[in-house]
Amino acid sequence: KPQLVASNDRFCRFLEEYCPVVTETYYPTIWCWEGRVQTLLRPFITSRPQVQYRNELIKTADGGQISLDWFDNNDSLYYPDASTRPTVLLLPGLTGTSKESYILHMIHQSETLGYRCVVFNNRGIAGEDLLTPRTYCAANTEDLEAVIHHVHSLHPSAPFMAAGVSMGGMLLLNYLGKTGRDTPLMAAAIFSAGWNVFESVESLEKPLNWLLFNYYLTTCLQSSISRHRQMLEKLFDMDLVMKARTVREFDKQFTSVMFGYRSIDDYYEDASPCRKLKSVGIPVLCLNSVDDVFSPGHAIPVETAKQNANVALVLTSCGGHIGFLEGIWPRKCTYMDRVFKQFVQAMFEHGNKILSM
């Protein structure tokens, strides 16, 4: 059974009644139960539901643009009125977009419930051009704030939630820690977030983890900015950035410099959601596996979570990073998908029972 960490008895009872998956025994796929194997295989094993998006480019205050992919769900039987159709904002991981299988599955789950989804693609990675020499990071919430304001302004009467995966979850937590209760979001779900960036990069720099994950992730980051090299060369020594062999080296040469941090340590401290968890002002459910090499179990802020009545942690012993595969042949639904579906449905349909807490 997963460990459910929540100081608020009312929140606990709410989850047990309306999101019972968090109290059920999670049985990982027996032939790939180890965390690294789950992490590696999930993108190749899980299906990719067909989703038709409507793309929207919105301008930012600094002259940049953000690509949003909408799934309007206009055929919704449960919520035929678009103005009040519940909306879920989805935030993919570090180099992820609306095409990631875990995002497609979240949209598929939302479709069956009648909800609308919108995917926030970070600047420059979903095929759109960079109009300014700026991308994104886990600590800077300006783009997310702009997107949340934009989506809410389009559908002010619609119940509004968000779900973030990996770095998307970190960004969402940092936003919630900054805004407290002053947000149009009624609740949020977080999956496989890296809670302490120092611990995350240290874990990823262990020899096997570097070989399996770190080097590949670094090349993905470099690939995501290489298309915009002409724009970014105005501010950066791109040859030096392209020589990075770890995420830490990339962040030292690129990310921390772009966002004006004096050092990489200053950036990593600001990007770590564990520092802002006390300030979260809306109900948040966070799912992590303690065998996740991207977010090691000892770095999960259990004691801090116990100090905030709005926060619930669900910790599994297996599952890896965005893995949570279950069943003999885990093509379709993962444990993470089931947690997402039950929690968003619980909040949209019964959230008034805990929103007043």
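Note that Cβ sites are derived from N, Cα and C of the backbone, with glycine treated the same way.
Please treat TrEMBL annotations as automatic predictions, because they have not gone through curation.
Database features, via TrEMBL:
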{"type": "ACT_SITE", "residues": "S166", "note": "active site, charge relay system"}
{"type": "ACT_SITE", "residues": "D292", "note": "active site, charge relay system"}
{"type": "ACT_SITE", "residues": "H321", "note": "active site, charge relay system"}
{"type": "DOMAIN", "residues": "86-327", "note": "domain 'AB hydrolase-1'"}
Legend entry - Rounded distance in angstrom between the Cα atoms of H321 (active site, charge relay system) and S166 (active site, charge relay system): 8
Legend entry - Integer Cα-Cα distance in angstrom, S166 (active site, charge relay system) to D292 (active site, charge relay system): 11
Inset, instruction - Enter the number of other CB atoms within 10 angstroms of the CB of H321 (active site, charge relay system). - result: 25
Legend entry - Distant-in-sequence Cβ neighbours of D292 (active site, charge relay system), under 8 Å, six or more positions away: G35, T39, S192, G319, G320, H321
